[in-house]
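Reviewing the structure listed below.
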Amino acid sequence: MQILLVEDDNTLFQELKKELEQWDFNVAGIEDFGKVMDTFESFNPEIVILDVQLPKYDGFYWCRKMREVSNVPILFLSSRDNPMDQVMSMELGADDYMQKPFYTNVLIAKLQAIYRRVYEFTAEEKRTLTWQDAVVDLSKDSIQKGDDTIFLSKTEMIILEILITKKNQIVSRDTIITALWDDEAFVSDNTLTVNVNRLRKKLSEISMDSAIETKVGKGYMAHE
């Protein structure tokens, strides 16, 4: 597994690199924190571990840049005790979030879970669903409508799959939150709202933002 570890604390970087390599992970770091994307594109990581507080530009900036060109899983690290960091990471399409200090074995377990979810599942037979006049590719986390294609984060795709497998039915927020927790994603009532709003924003790019309806006090419904 190729891991890009974007961490400016060299002591922590070396400790994590040593631990991860004991699990046969191939770990690369950053030499110039103004050129993170250069390393990202040349190393082609399978998972990115991204610190929030970085020199020159913060982790949120680099997450945006990565999401412009890739749907690679991103796990944020943060030493700040600020719930908005977690919300922001969700809005930007991160797959997980850990607050420092943390147990290394928990980090490794999260990385393994992300890898299984993203790469082992997508290696299976292609799974698609038809929704309105679009094709939802569950293996690629994408939606194609005509000549246009959008890409979703893992959390967004889980939400969408739940809704479109129960088309024209109200799915409660609690049902979705439970499914996300079972999938080891990080989620709360507020971050669910953030994810649904971000999902709608992406759907608007293919003129499908009204395809998911909010049922106030009840949940959400995907229309046929």
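Glycine too: its Cβ is placed from the backbone N, Cα and C atoms.
These numbers come from a predicted model, not from an experiment.
Note on the DNA-binding region (126-224): mean pLDDT across this stretch is 85. Annotation comment: Swiss-Prot describes 126-224 as DNA-binding region, evidence class sequence analysis.
Per Swiss-Prot, the feature domain 'Response regulatory' maps to 2-115. Residues of the domain 'Response regulatory' (2-115) grouped by DSSP class, helix first, strand second and coil last, total 52 helix, 22 strand, 40 coil.
Summarising the annotation, Swiss-Prot assigns 4-aspartylphosphate to D51 and lists sequence analysis as the type of evidence. In this view, D51 (4-aspartylphosphate) is surrounded by 22 other Cβ atoms within 10 Å of its Cβ, with every protein chain counted.
Here the Cβ of T128 (phosphothreonine) has 13 other Cβ atoms within 10 Å, regardless of which shown protein chain they belong to. The phosphothreonine annotation in Swiss-Prot covers T128 (among others) and is backed by similarity to another entry.
Under the heading phosphothreonine, Swiss-Prot lists T130 (among others). Cβ neighbours within 10 Å of T130 (phosphothreonine), excluding its own Cβ and spanning all shown chains: 9.
Residues or ranges marked as phosphothreonine by Swiss-Prot: T149 (among others). Annotation for T149 (phosphothreonine): spatial neighbours S142, I143, criterion Cβ-Cβ under 8 Å with sequence separation of six or more. T149 (phosphothreonine) falls within a strand when secondary structure is assigned with DSSP.
Assigned with DSSP, the residues of the DNA-binding region (126-224) fall into helix, strand and coil as follows: 40 helix, 26 strand, 33 coil.
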